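Visitor: According to TrEMBL, the feature substrate binding site maps to Asn13, Asn65, Gly75, Asn76, Asn160, Asn193, Glu211, Arg212, Gly221, Ser222.
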Amino acid sequence: MATPFWKYHALGNDYLVLDPERLDFPLQPLAIQRLCHRHFGVGSDGILLGPLPAPGADFGLRIFNPDGSEAEKSGNGLRIFARYLWDGGKVGGEPFYVQTLGGLVQAQVQNQGQQVQVAMGRVSFQSGLIPVTGADREVIQEPIQVQGQTFTFSAATIGNPHCVILVPEATPALAQTYGSALENHAFFPQRTNVQFVQVLSPERLRLEIWERGAGYTLASGSSSSAAAAVVHRLGLCAPAVTVEMPGGELAIRIAPDFAITMTGPVTGVAQGILASDIFAG
Ligand SMILES: N[C@@H](CCC[C@H](N)C(=O)O)C(=O)O
């Protein structure tokens, strides 16, 4: 049996969708690394495995990073999965529920598949939930040292962990220089996603992102959600904010309890069949 794949991107953050019913190999870390490799594989920022059975939800979804690690949640991944389900006739324009490792989310496909809205769940700043080492507390504006530099960070979870650093100017160089050291810092037992955030106005943020298990990416939905929640918690942005990233913009809405609604585009790229010797050599 040959294995089909579907490739989409969400603001340049690209994923391969694999159907668990049509997979003819075990989805182990080495296979994931090869599939995501930009030269020896199809190339992507991650793998979406679904739909899976999920009691209490319409669909289950597992999310994997290019390094083979499993992520609890992915905002862009959830928008892509929703569009995949819509393309396959499994959903229409009605809201539906997806169970992820990081919790239950509600999604709705809009504008004939061009846009998806996801209720991402609530952001928490609680150290024990993120997790961040040290006393149980909200992790707000604390020092962190990497490569001789001291940054002030806040941490958040929306199912997956985030380290959010406000800077006067968010640049790719900041993310690419310090991202890996922050991702693997001892403060984060499960590692972390990293965002450098520039507040352009109370309604507009600019992000540069280093993702756990993926590295520098052009956009991230969970990063946008977490970063916007931190900036709002600091009183520096409105509850409705546009998050600008190299790959494009997401609309983020923050409820008083820090429940996040994310709305943004999805673009189809390709579909195909994996070659029988993709894992050789
Ligand atoms: N790009 C995703 C985040 C994917 C998971 C992340 N790398 C993690 O390990 O938590 C998004 O759009 O949220």
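Heads up, the Cβ atoms here are built off N, Cα and C, so glycines get one too.
Unlike curated entries, TrEMBL annotations are predicted automatically.
From a predicted model like this one, the values you see are computed outputs, not experimental measurements.
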Visitor: How would DSSP class Asn160 (substrate binding site) in three states?
Guide: coil
Visitor: Determine the Cβ neighbour count for Asn13 (substrate binding site): the number of other Cβ atoms within 10 Å of its Cβ.
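Guide: I count 28 other Cβ atoms within 10 Å of it.
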Visitor: Sort out the sequence-distant neighbours of Glu211 (substrate binding site) for me: same chain, 6+ apart, CB within less than 8 Å of its CB, listed by position.
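Guide: In sequence order, the residues whose Cβ lies under 8 Å from that of Glu211 (substrate binding site) (at least 6 apart) are Asp45, Asn65, Glu183, Asn193, Val194, Thr217, Ser220, Ser223.
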Visitor: Tell me the Cβ neighbour count for Asn160 (substrate binding site), meaning other Cβ atoms within 10 Å of its Cβ, over all protein chains shown.
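Guide: Around the Cβ of Asn160 (substrate binding site), 28 other Cβ atoms lie within 10 Å.
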Visitor: Measure the Cβ-based neighbour count of Gly221 (substrate binding site), defined as the other Cβ atoms within 10 Å of its Cβ.
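Guide: Total other Cβ atoms inside 10 Å, all chains included: 30.
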Visitor: Could you give the maximum C-alpha to C-alpha distance in Å for the residues Asn13, Asn65, Gly75, Asn76, Asn160, Asn193, Glu211, Arg212, Gly221, Ser222 that bind substrate per the record?
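Guide: Taking every pair of listed residues, the largest Cα separation comes to 17 Å.
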Visitor: So if I draw a 10 Å sphere around the Cβ of Gly75 (substrate binding site), how many other Cβ atoms end up inside it?
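Guide: Result for Gly75 (substrate binding site): 29 neighbouring Cβ atoms inside 10 Å.
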Visitor: Around the substrate site formed by Asn13, Asn65, Gly75, Asn76, Asn160, Asn193, Glu211, Arg212, Gly221, Ser222, which additional residues qualify by having Cβ within 8 Å of the site's Cβ center?
Guide: Gly46, Ala71, Lys73, Ser74, Gly77, Ile209, Ala214, Thr217, Ser220, Ser223
